[in-house]
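Asker: Quick paste of what TrEMBL says about this protein:
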- 1-21: signal peptide (SIGNAL)
- 440-806: domain 'Ionotropic glutamate receptor C-terminal' (DOMAIN)
- 446-517: domain 'Ionotropic glutamate receptor L-glutamate and glycine-binding' (DOMAIN)
- Pro526, Thr528, Arg533, Asp743: L-glutamate binding site (BINDING)
- 572-590: transmembrane segment (TRANSMEM)
- 642-668: transmembrane segment (TRANSMEM)
- Leu675: site 'Crucial to convey clamshell closure to channel opening' (SITE)
- Arg705: site 'Interaction with the cone snail toxin Con-ikot-ikot' (SITE)
- Cys755-Cys812: disulfide bond (DISULFID)
- 827-851: transmembrane segment (TRANSMEM)
Amino acid sequence: MARLISITGLMILLLIPNSLTQQHNPHLFNIGGVLSNNVSVSNFKEIIDHINFDIQYVNKGVTFSATGIQMDPNPILTALSVCKFLISERVYAVIVSHPLTGDLSPAAVSYTSGFYHIPVIGISSRDSAFSDKNIHVSFLRTVPPYSHQADVWVELLKHFNYMKVIFIHSSDTDGRALLGRFQTTSQNQEDDVEIKVQVEAVIEFEPGLTTFKDQLYEMKNAQARVYLMYASKQDAEIIFKDAQYLNMTETGYVWIVTEQALTAKNVPVGIIGLKLVNATNEDAHIRDSIYVLTSALKEMNQSAVITEAPQDCDNSGSIWETGKVLFEYIRKQVIMNGYTGKVAFDDNGDRINAEYDVVNIQKPSPYIKVLQKSVGKYYYSIVHSKMKLKVNESNIVWPGTSKNKPEGFMIPTHLKVLTIDEKPFVYVRALNSEGETCNQDEIPCPHFNASESINGGKMQCCKGFCMDLLRELSRTINFTYSLALSPDGQFGSYIIKNTTGGGGKKEWTGLIGELVNERADMIVAPLTINPERAEFIEFSKPFKYQGITILEKKPSRSSTLVSFLQPFSNTLWILVMVSVHVVALVLYLLDRFSPFGRFRLSNSDNTEEDALNLSSAIWFAWGVLLNSGIGEGTPRSFSARVLGMVWAGFAMIIVASYTANLAAFLVLERPKTKLTGINDARLRNTMENLTCATVKGSAVDMYFRRQVELSNMYRTMEANNYDTAEDAIADVKIGKLMAFIWDSSRLDFEAAQDCELVTAGELFGRSGYAIGLQKGSPWADAVTLAILDFHESGFMERLDNTWILLGNVQQCEQYEKTPNTLGLKNMAGVFILVAAGIVGGIGLIIIEMVYKKHQIKKQKRLELARHAADKWRTAIEKRKKSRSRADVQRRLKANGINDTVMPISLSVEELPRSLDLQSPIHSMEPIPIELSPLRAPIRC
């Protein structure tokens, strides 16, 4: 019970403010009406009287009164009447109709009431100017402006699948507003870009036409055959007259017009137009306006303070703030089941969810001039809670009294085709002489929209994969073409240009830019399909599937000078070298200390052969290892010979293994690629000294922009990107660029042409090459079907074999599988080794010669010393002889012997040995000396 009392008290407290508000708010609300005739004025007052008894729209204790006047065609008199008869009566809102003649009177009512912010509800004024809240600050309307017909036009085009149109409108406020709403609505219909309507041309004309033939000639040369027209009745008559003169209202054309043009006297048969439902039912609009207004006042009376309305037009005091609030309450009102359908307003106070009849101009019999027949309806669906279009196509009579729906476009038979220099798909050759022409397999291809200064004004010829495809396409689907090269040599990329409104606009360059700007009809080139391009152009089915790969030059071998050492590791070579000398040492020791290491030779004189010395052992070990066939200096003992046999087996195995591995390393080996693919850590790591690049603005470049995980890599390679693929491939060949990332088709072709190039890793970013067309191009389906047929018939495979593979892939594969011919590059180390041996031998012989020369000089010095000693000895002996002779003579003389001849024989041995010769000759053998007989006289 206590809880119930507290809740009841809270409700009372909440209701007290509303009760106080209602007590202070007025109880009488006067509604003004400025209507077209007295009948409408009477109906207006009658509706106000009856609504006072409807508690759904009127609060208890509140009364509505009506003050109605008839509109004067003169806007000044109308404004004076509003002040005199309405504002003076304190009207809270004004309902205004349209005069029978003249267009300015509703505006005068809006200006006058808007000065005080008194809400004005229009029931027939459809000019777009009333949507401008800067001028008509308090104006709402239960009829939509003419520009809202654009919403229905977009639905009609979607229903009939007309995606390319020409827009014709007068250069007034309504015409421009209709165009702006059409463009906005057509672009915001769905997320799917395929259904967006494209305006091929906009034809704007000044009202008051005298002729429209020049504009019609321009329209006749366009592809679109669907014309959307906004024109007054008078202008529409001129346009229809000239269109009929040029047969542009016959079979194949489609005209969709607004309500004013339908009233033209000469409106052709087959025209489709719109007609607002209940547009002339003034009574229905008066009722809906009153219901909207009373609902707003009822809601406002319950929650807001309402002050009394202004009463004097002569008093230019403060603005009536209640009028501003009341305007917002009216704008938010929604009546689901009004007399004119669902009644609701947008932010500008314009009626939304208005219903239209789709009208077709027909001539059912010769006796009836024309008949406006409803063939569809644009209505609000309560089930779907949105506007729906329903059209009965079987009841439509199209221009030329045809029952078949026109295609809506004229397929041009001559197309402007663009291509680009990209081997092997397009080869470009410049003609050298003036009279020279292209060969039979070539197509003339000047630069597109380029001056004669480009390429020296010379004509160029194109051939290749895409040129053969273009020929076959033109023959299959029957069109002629003029071929041109890309003006800037690029496929095209988009740049975002800042506009004054602060937003950015995408603009394309290169081939894509020419297609987007409708300066070309088709691109036949290796054009990669990607989302960025697909947003602006249309692609056929791929004529070649491919991906992205990496091109690099095959790595050279680490060292060609010592390539003959590759069969064995460094450790094994060291062990072999050590083994040779260890075995030689052991052989020497075994042969030296073996008791059977020496034996007598049968043919010798008790001589023994010496054991194997160390030098001979080393010579033997090297001879066996190198299979030199050495037969001298072999081991003599049994133990040493057993070791020699084992060493010979070891040498045989080593030599055989070396020979087999040499064949594997130098003949069959192919160097592997340096990179393993896009996931290689050296590509991902920006610190590695590895240069990689692609082509600026290409599809590969866009792919790297989209991939977040490749952002670091892209930032590194962005500075290295090239303008063309040819420049990048040339730098890869000379080693300036280590990795070029590009389309697999082109890189496979380059690898097939030059076996020194190789593609690394598996394909990534798989996509396809396709024909590029304008959005909504009538050739799209035909080109796609033709390409599918080419795949099935094998034509595309033949193009691959002719232009891309060229048979070189098989040659390179055969080259990979067959042995290399060993040349100086492979075996230079062996020759250098021989040269080193020769140089070493020459060096040793020079040393030997120098040593021998030194020995000869030493021997000469010894000979000189011996010769000097001999001279000295001879002199000494002479002196001794002379002394001996003198002594003999004295002795003889003393004995009294004179002149007696005595034979004297002297020898060196007979000389006195007391002489100590301190010379090298004292050790030599005595030299016998014979003296001649000495004949001396003996005297007594």
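Cβ from N, Cα, C; glycine included.
Fair warning: this is a prediction, and the values are worked out from it, not measured in the lab.
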Asker: Ranked by the number of other Cβ atoms within 10 Å of their own Cβ, which of the recorded positions Arg533, Arg705 ranks first?
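Answerer: Per the Cβ count within 10 Å, the most buried is Arg533.
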Asker: Sequence-remote contacts (6 or more beyond its ends) of the transmembrane segment (572-590), Cβ cut-off under 8 Å?
Answerer: 565, 597, 612-614, 617-618, 620-622, 625, 635, 637, 639-640, 643-644, 647, 650, 654
Asker: I'm trying to understand the geometry here, so how far is the Cα atom of Leu675 (site 'Crucial to convey clamshell closure to channel opening') from the Cα atom of Thr528 (L-glutamate binding site), in Å to the nearest whole number?
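Answerer: Checking the Cα atoms of Leu675 (site 'Crucial to convey clamshell closure to channel opening') and Thr528 (L-glutamate binding site) gives a distance of 25 Å.
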Asker: Please report the distance from the Cα of Arg533 (L-glutamate binding site) to the Cα of Cys755 (disulfide bond), rounded to the nearest angstrom.
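Answerer: Distance between the two Cα atoms comes out at 34 Å.
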Asker: Does Asp743 (L-glutamate binding site) have same-chain partners at least 6 apart in sequence with Cβ under 8 Å from its own Cβ, and which are they?
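Answerer: Non-local contacts for Asp743 (L-glutamate binding site): Pro526, Thr528, Gln546, Gly547, Ile548, Thr549, Ala699, Val700, Tyr769.
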Asker: Taking only the Cα atoms, work out how far Cys755 (disulfide bond) lies from Arg705 (site 'Interaction with the cone snail toxin Con-ikot-ikot'), in Å, as a whole number.
Answerer: 32
Asker: Using the residues the record lists for L-glutamate (Pro526, Thr528, Arg533, Asp743), what whole-number Å value is the largest Cα to Cα distance?
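Answerer: Between the most distant Cα atoms of the L-glutamate site, 17 Å.
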Asker: When you average the Cβ positions of Pro526, Thr528, Arg533, Asp743 for the L-glutamate site, which other residues in that chain have a Cβ within 8 Å of that mean position?
Answerer: Phe491, Leu527, Ile529, Asn530, Ser698, Ala699, Ser767, Tyr769
Asker: When a 10 Å sphere is centred on the Cβ of Thr528 (L-glutamate binding site), how many other Cβ atoms does it contain?
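Answerer: That number is 24.
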Asker: For the recorded positions Leu675, Cys755, work out the Cβ neighbour count at 10 Å and name the residue with the minimum.
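Answerer: Taking Leu675, Cys755 as the recorded positions, the minimal 10 Å Cβ count falls on Cys755.
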Asker: In this predicted model, what is the average pLDDT of the domain 'Ionotropic glutamate receptor L-glutamate and glycine-binding' (446-517)?
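Answerer: A mean pLDDT of 78 is what the predicted model shows over the domain 'Ionotropic glutamate receptor L-glutamate and glycine-binding' (446-517).
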